[in-house]
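*Asks:* What follows is a structure written as structure tokens; I'll ask about it next.
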Amino acid sequence: MKTALFLLFALVFIAVEARFCTPGQRIRAPDGCNWCRCTKGGRIGGCTKMFCRKNLVKMDCKPGKKFKIDCNTCICSKEGKAAACTQKLCLKKRPKRSLINIEKSERNCKPGQNYMSKDRCKKCVCMKDGNSACTKVKC
């Protein structure tokens, strides 16, 4: 019971501490690396945006050089032995797949006319050049 009360008190204290601060006070940012200033309203305001040690990637590179790894931007350290990188989630680009096939028209048709393929599986439209654009569907 005492432990539960202590934990409840600690959580309330942490929540209150996180929401309010002394105006003008310098506070360590949640990342443990950057610093923030407390606003006149007692809230955490502007913070520094330094690259933090936990964001370092060990590598040999040209000191001060900026480069990309996937979608993240990195800058090489002064020593040229590590780089500080942003930590964005990079989604791999999928190759573009065509949803239609351009093929010789199966029949004489008027440009803009829609029809079903002979196998009755694909929807097609006649184009001005005499070819057809048909959906790519496996039957």
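Cβ atoms are placed via backbone N, Cα and C, with glycine included.
In case it helps, Swiss-Prot gives these features for our protein:
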type	residues	note
DISULFID	C21-C38	disulfide bond
DISULFID	C33-C52	disulfide bond
DISULFID	C36-C47	disulfide bond
DISULFID	C61-C76	disulfide bond
DISULFID	C71-C90	disulfide bond
DISULFID	C74-C85	disulfide bond
DISULFID	C109-C126	disulfide bond
DISULFID	C121-C139	disulfide bond
DISULFID	C124-C134	disulfide bond
DOMAIN	19-55	domain 'Pacifastin 1'
DOMAIN	58-93	domain 'Pacifastin 2'
DOMAIN	106-139	domain 'Pacifastin 3'
SIGNAL	1-18	signal peptide
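Each of these features: where is it, how hidden is it, and who are its neighbours?
*Replies:* Same-chain residues at least 6 positions away in sequence with a Cβ under 8 Å from that of C38 (disulfide bond) are, in sequence order, C21, T22, P23, G24, Q25, R26, I27, I44, G45.
Counting every protein chain shown, 16 other Cβ atoms lie within 10 Å of the Cβ of C47 (disulfide bond).
Annotation for C76 (disulfide bond): spatial neighbours C61, K62, P63, G64, K65, K66, F67, A82, A83, criterion Cβ-Cβ under 8 Å with sequence separation of six or more.
In the structure as shown, the Cβ atom of C71 (disulfide bond) sits within 10 Å of 12 other Cβ atoms.
There are 19 other Cβ atoms within 10 Å of the Cβ belonging to C85 (disulfide bond).
Neighbours of C109 (disulfide bond), defined as other CB atoms within 10 A of its CB across all chains, total 16. In this structure, C109 (disulfide bond) belongs to neither helix nor strand by DSSP; it is coil.
Within 10 Å of the C-beta atom of C121 (disulfide bond) sit 12 other C-beta atoms, taking all shown protein chains into account. In the three-state DSSP scheme, C121 (disulfide bond) falls into the coil class.
A 10 Å cutoff on Cβ-Cβ distances gives C134 (disulfide bond) a total of 20 other Cβ atoms nearby, all chains included.
Model confidence over the domain 'Pacifastin 1' (19-55) is summarised by a mean pLDDT of 81.
Each residue in the domain 'Pacifastin 2' (58-93) gets a DSSP state, and the totals come to 0 helix, 14 strand, 22 coil.
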*Asks:* Using only C-alpha positions, which one of C47, C121, C126, C134 is spatially nearest C85 (disulfide bond)? These are the disulfide-bonded residues in the record.
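*Replies:* Smallest Cα separation from C85 (disulfide bond) among C47, C121, C126, C134: C47.
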